[in-house]
Amino acid sequence: MPATNSLKTLVVSSTVLGLGGLSHAMASEGYTDDVVRIGVLTDMSGIYTDLSGEAALEAVRMAVEDFGGEVNGVPIEVIHGDHRNRADTGASRAREWYDSEGVDMINDLSNSGVALAVAAVADEQKRHAIVNSSSNIGLTNDYCSPYVTHYTYDAHSLAHGTGKSIVEDGGDTWFFLTVDFAFGIGLEEQVSEVVREAGGQVVGAARHPLDTTDFSSYALQAQASGAEIIGIASTGADAINAINALAEFGVTPEQRPAALLLWYDDIVSLGLETAQGLMLTNAFYWDANDETREFSQRFYERTGRMPNMAHAGNYSSTMHYLNAIEAAGSDDPDAVSETMRELEINDFFASGGYIRPNGRMVHDQYLWEVKAPAESEYDYDFLRLVTTIPGEEAFQPLEESTCHLLDND
Amino acid sequence: MDIFGIPIQALLGQLMLGIVNGSFYAVLSLGLAIIFGVLKIVNFAHGAFFMLGAFTAFLLAQYMGAGYWLTLAVAPLAVALFGMLFEFLFLRRLYGLDPIYGLLLTFSLVLVLEGGFRVAFGSSGQPFATPELLRGTLNLGFMVLPLYRGFVIVSALLLCLATWFIIERTPLGASLRAATERSELTQAFGINVPRLVTLTYGVGVGLAAFAGVLAAPIFHVNPSMGSSLVIIIFAVVVIGGLGSIMGAIVTGLGLGVVEGLTRVFYSEFSSTIVFLVMVLVLLLRPAGLFGREEG
């Protein structure tokens, strides 16, 4: 709950602040203070808790531990906070962290509204923010910054993964059920573009508030639209409820649902019986190869759950940030930003990944299909790889970006 | 055929859904109205008890293999007992104090319950299967109505009418109404008013939990399922007239329908319409549609 959580965070962060103050005496050369501090700003109590939340924090902690707990002899510290899915809360927490708590980098940032607000603060304060759990492509366009990295996925990669494959499969007319904020609207726009480019038609959309439980009326609107494909531009509990309602009112399978951002966790919630056959574009799946299995096993032992792509992205991006500090020999934001964009990312999460000048981390995306219950052979055996989408195709071409750091004008 | 450019199918479909939602509003606001009528407590925890009903059913099914019909009977009783314990241990101490104390106490119970369940079960929600018997759909011509939703309407209305009947037409109800109006005088007649009060709270809470079990297969069982409803329920009770039994039932259903119709014409406004109606009613009839002006 908001009140209790903010109290908890206050206590935790003030303790951290106090401890930080003790060791302020000796600052290493090249480091703004004697510690590299990472803040995990996430949804600890609301609708996106299961997608990021506590497990995102754990992923960042794992990365720091695996890195050895210090970089060039400077200790690394992780603090966390709850943005409660409110852009203003997120922005003021970020400002407080950068300003007075010496936070060098903020990670996770679920909820596009929050991510956009924090990106603006990061740019102004010249400190780093890495977005792993939001999709709005404004982050690498109008709101881009040398200090902001958009790491795991974005609306463009989702649209060009799931959206495109369904259009190519003959889904010509679309109706959207869209969650009414930056994330849903951005995603709807991206997919609509893909649909129109392919000669398809968007016949309408219904917007619903975040955290809607009853989708029955939207299901009827979708039905009345007569569209072949019902594009679900929401995620987490919203998407789960929408898919269930469409099935309940007999909208599907006559009209096909296309979940545009489905998480691994959503499939756990839906169950294979309901979810089978759904397509999803995810940057990571625990069971993809030996490396992903190794990481996922360790993650599972700590959290009791398999990591989703944001958790994996939180780990990988934290590693990359720390690698950049080590290589640069400093935590100076400009030096780190430059090094982050120079170093290639090769780990269980990405191979040959790199960060463009506008902050977009380019790496392969994967289109998955949910298995039928009979095909699932062991626990968490949920997905089958349909195709790999090369990073260059998945993400927005650099020349289309409106980022002011590029010479695209 | 179109009405104001809206296909009649869409109109009737949304109307039907309005009645389904209205059934939930009716059962929930009925419980709230009874509690307010007798205890003069604004039971902010009503949504949490609704959630608790759904979760109890989920836990019974998950860990004890209980079937739907058993959970529909047992879960409301269990939650009602919990409610009565809460009334006996905590709420009882606040009678006669400013209503804000009752509101704060019940609100804190919401925070504890929702927070606790979120820690234990996460926020995405737990699936709850529709009972085998009601899994089909009913083709009404203008829409496909899931059988289960039809069952929700029928059982909610029967429960509302039964509650109304007990309160308005039986000796127990008569004592209850007497205790509401003149509690000391009723006590003087040898009726155990404190026990009646605890029982009333239990019934109100049980109604909320019953609605929760009804809702479980429709909405995913999740910790915040009650908090989105409770504000609307308060508006329903205010519109119906605080403490009015029939008012709560009729207004609950009526507002569900109004909401459904609003969805057809201007969907974005549907979450606000209830409050607009509340403002209008408060301006024109401050005691509510069915309430009596107190002298």
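Glycine is treated like the rest: Cβ placed from N, Cα and C.
Since we're looking at a predicted model, the values are computed, not measured.
Look at TrEMBL and you will find B:12-38, B:44-61, B:68-88, B:100-121, B:142-167, B:199-219, B:231-258, B:264-284 tagged as transmembrane segment.
Of the candidate ranges B:44-61, B:100-121, B:231-258, B:264-284, B:44-61 contributes the most Cβ pairs within a distance under 8 Å of the transmembrane segment (B:199-219).
Between the transmembrane segment (B:231-258) and the stretches B:12-38, B:44-61, B:100-121, B:142-167, B:264-284, the greatest number of Cβ pairs separated by less than 8 Å involves B:12-38. For the transmembrane segment (B:100-121), the list of distant contacts is 39-48, 51-52, 55, 86, 90-91, 94, 222-224, 226-227: same-chain residues at least six beyond its ends, Cβ to Cβ under 8 Å. Same-chain neighbours of the transmembrane segment (B:142-167): 8-9, 12-13, 16-17, 19-20, 23-24, 26-27, 30, 34, 130-131, 134-136, 173, 176-177, 203, 207, 210-211, 214, 217-218, 245-246, 249, counting only residues six or more beyond its ends whose CB sits under 8 Å from a CB of the stretch.
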